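If you look up TrEMBL, you'll see A:57-80, A:87-104, A:110-128, A:140-160, A:200-220, A:241-264, A:276-295, A:302-323, A:329-352 marked as transmembrane segment.
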Amino acid sequence: MDKMPAWADAVLVPLISLILAALLSALVIVAIGESPIEALKLMVEGALMRSTGWGYTLYYATNFIFTGLAVSVAFHAGLFNIGGEGQATLGGLGVALVCLYLPWPHWSLALIGASLGAAVFGALWALIPAYFQAKRGSHIVITTIMFNFIAAALLNYVLVNLLKPVGTMDPASALFPPATHLPTFQEMFSSPESPLFRGAPANISFFLALIACVVVWLLIWRTRLGYEIRALGHSESAARYAGISPVRIIIVTMLISGALSGLMAVNTTMGESERLLMNATEGAGFIGIAVALMGRNHPLGVLLAAILFGFLYQGGAELALWTNIPRELIVVIQALVILFTGALDNMVRIPLEKLFLAMRRGNT
Amino acid sequence: MTDQAPAIELRGISKAFGPVQANKDISIRVMPGTIHGIIGENGAGKSTLMSILYGFYKADAGEVFIAGKKTEIPDSQAAINAGIGMVFQHFKLVQNFTVLENVILGAEEGRLLRPSLSKARGALKKLAEEYELSVDPDALVQDLSVGHQQRVEILKALYRQADILILDEPTGVLTPAEADHLFRILDNLRAEGKTIILITHKLREIMEITDTVSVMRRGEMTATVKTAETSPEALAELMVGRKVLLRVDKAPARPGAKLLEIENLRLTDETGVQRLRGISLDLRAGEVLGIAGVAGNGQSELLEVLGGYGTATGIVRVNGVEIPLSGTGCTGQARRAAGIGHVPEDRHHDGLILPYTAWENACFGYHRDPAFQKGILMNNAAIREDAKGKMERFDVRPPNPNLAARNFSGGNQQKIVLAREIEHNPDILLIGQPTRGVDIGAIEFIHQQIIRLRNQGKAILLVSVELDEIFSLSDRIAVMFDGQIMGFRDAAQTDQRELGLMMAGITQDPGGDPLAAIDATLAAKEAREAAQHG
């Protein structure tokens, strides 16, 4: 009865969309007088051919995995959480407080503590919109995006007035104590003979992100809570019929979603900058929406899409460094990828469905 | 008559939606001045065929002849120009326009409304006298009863000079008396030489009013016969492709203890309209209490309240124990624990999660059962195994638990819901519209299951808008109108006429033509709702 095989839906559709986006991007690069082949070469070399490039790609990917998972989990409950930015911002605050004010004997314990701090702060920031959605029917898209602005302002205030060390000009917290330093890929995988990931920010939180993928997969498809989340996402009246409380599921789902967004800060704030900065999220909360969209809200898809976007981020930085192609162009390319994989999904899907149908007719 | 050209002739119409062949090589001749029934189960392709005729879909192949002339119908305007009028199952009226404004909508002449309106007023008056189609031309459509809204639809078509009238399931929302009146209108239209195509799934209507009947099954026209020369049994067999039992065999009920007691149940919806206005009833073990009524008179709300997902005031006792009607103890989960199973009216929105697989659906609502858990995870293997058994015992086809619920036919979807609710062995089973959108073959099976359950000593509350179904299953019948129960009747000692009047809010037989009394009660109901709404 299905129109096309599942693998085609999961692999072929995004792949073709991606190729279309790449072709259009190539045209844009031609239009500004550069060679798209050269540009692609630079991006691939810069992001994927050297271990340092991978170190950056995976660092960005780590952020996108967390925010992508956050959007996915909420989406399964029919909630469109676009407040990843704000939740990650607050997650950063949680990480900073845990790292600055608690004495940690070892990074592994600090990692657990900071993860908890990030998750709790992110979750609480999502709780307020969740409560308004569940109890008052205030639309979560509106409230979460407004909470992004509030989060940015709050962080600004906290950094400037409370966390900034006396005598510094920089709106940033003090450096975290050395015991909270997370192992980077360089420290984990290099040996004196073969230096790897030199200077790259990728760190152990990438593995935390991988664990999050597995946990989210288990949560959504193997637990009762996931079953109820998906049921609510498909039909609220059916959920109520089955005795599932929409209020409870909305709140619990948003807590999980906010916690996942918040966890992103472990990578940026603890793993990379080792102090709390303004704008540490760098828009990753929004990229998470594209990642979830492209990854079809499945953890494996989110992982792959996050790596793709990590590649685009790092490759874009390389382009800006070595060519006259401005860094903004990479935003154009990202936008095209989002446009084709998200908004124009049916443009690829419908002809493909027809093709499969015709092939099936031909066979029978 | 035989030398006349047919009013409509379809030749070799085919239409596919993706892999689904909705219409396959359909040919049909409808003679002028006749009522031609098209009968078939849901999904047999009746609506698709009529949509092609009305210009909504373009046929992949085939030709349409109107009055002997080959006609292209690319859109509905072309259909109207060819003299075809359509009365849809779901009316296409502007609710806050008057009858007159609705009638001229799309048929205005010139930029000024007044000339069109006064012309339509005259035409409407004439039509009303000719065909017993009286409606107040200045009433707002939202204030009219459903039966009157339907008349407006018919008037719209006639005002556009339709010679051919297509009615899609016209009696679904009518009380029996209103349906009788509709049939009288159709009779008058036929006498005036109009051609009528009546699409329905009700055998009784076909036998009552049509001259010729065509049977559709799985996109094909399986037979066209003269109504006088066939029987309901023969038609049912043509629809399903095998012999079916139209009657349910059942022994007399042996009612036991009171399992469900309801006292003065009241519910006001969020817009302020009272939907339940003091319902009281008792339900005993081993009996089927049928709740008859036209859709929208509070039956759905009653089921929702009893099922635990609507809040109300009043007293409900299950096995003598009062259950909460609002607050935290009022959930579907609590009701199931109290021994109430519920087959909801709308399986697509409530009873099933359509994208879920059959096995995920087969535990829906019972998914907290400890047998389905494995530590913090769900025991999917056990659930799948359980679902497989249920599907086998309830003859769900195909018996594949991994298929998404949306890929099953209506009848098989209903069997999944029924299996889930019945196999959890409730004391009380609430069943809403058990056979809506269900094929005749499955209806037989579902009815047998309900009777089997009743014979096991379960209490069954059946809500159905199909009077035939109420009659064939119920031991006692309660009629709901406007949020109230108009009365209880012993199923063996009442008839369609009495129930039909009660369904329109009339408990005393007024004698003669009851339509005036019906109009009065329906108008009173609309007025009350409008007043509370405002």
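Don't overthink the numbers, they just go from 1 along the chain as shown.
Keep in mind that glycine also has a Cβ here, set from the backbone N, Cα and C atoms.
A TrEMBL annotation is a machine prediction, not a hand-curated record.
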Point to revise | Result, the transmembrane segment (A:241-264) in contact with the transmembrane segment (A:110-128) (3+ CB pairs under 8 Å) | key: yes
**Study point:** For the transmembrane segment (A:241-264), sequence-distant contacts whose Cβ falls under 8 Å of one of its Cβ atoms, 6 or more beyond its ends
**Key:** 62-63, 66-67, 69-71, 73-74, 76-77, 79, 81, 83-84, 87-88, 90-91, 94, 115, 118-127, 129-131, 133-135, 140, 208-209, 212, 216, 219, 225, 228-229, 231-232, 281, 284-285, 288
Check your understanding: Which of A:140-160, A:200-220, A:302-323, A:329-352 shares the most C-beta pairs under 8 angstroms with the transmembrane segment (A:276-295)?
Key -> A:302-323
**Study point:** Candidate ranges A:57-80, A:302-323, A:329-352 - greatest C-beta contact count to the transmembrane segment (A:140-160) (under 8 angstroms)
**Key:** A:57-80
Check your understanding: Thinking of Cβ pairs under 8 Å, which stretch from A:57-80, A:87-104, A:200-220, A:329-352 has the most of them with the transmembrane segment (A:302-323)?
Key -> A:57-80
Practice item. Take a look at A:57-80, A:87-104, A:329-352 and tell me which one has the most Cβ pairs under 8 Å to the transmembrane segment (A:200-220). Key: A:57-80
Check your understanding: Which residues, given as numbers and ranges, are at least 6 beyond the ends of the transmembrane segment (A:57-80) yet have a Cβ under 8 Å from it?
Key -> 47-48, 87-88, 133, 140-141, 185, 200-203, 205-206, 208-210, 212-213, 216, 219-220, 226, 229-230, 232-234, 236, 249-250, 253-254, 256-261, 263-264, 267-268, 271-272, 281-282, 284-285, 287-289, 291-293, 295, 297-299, 302-303, 305-307, 309-311, 313-314
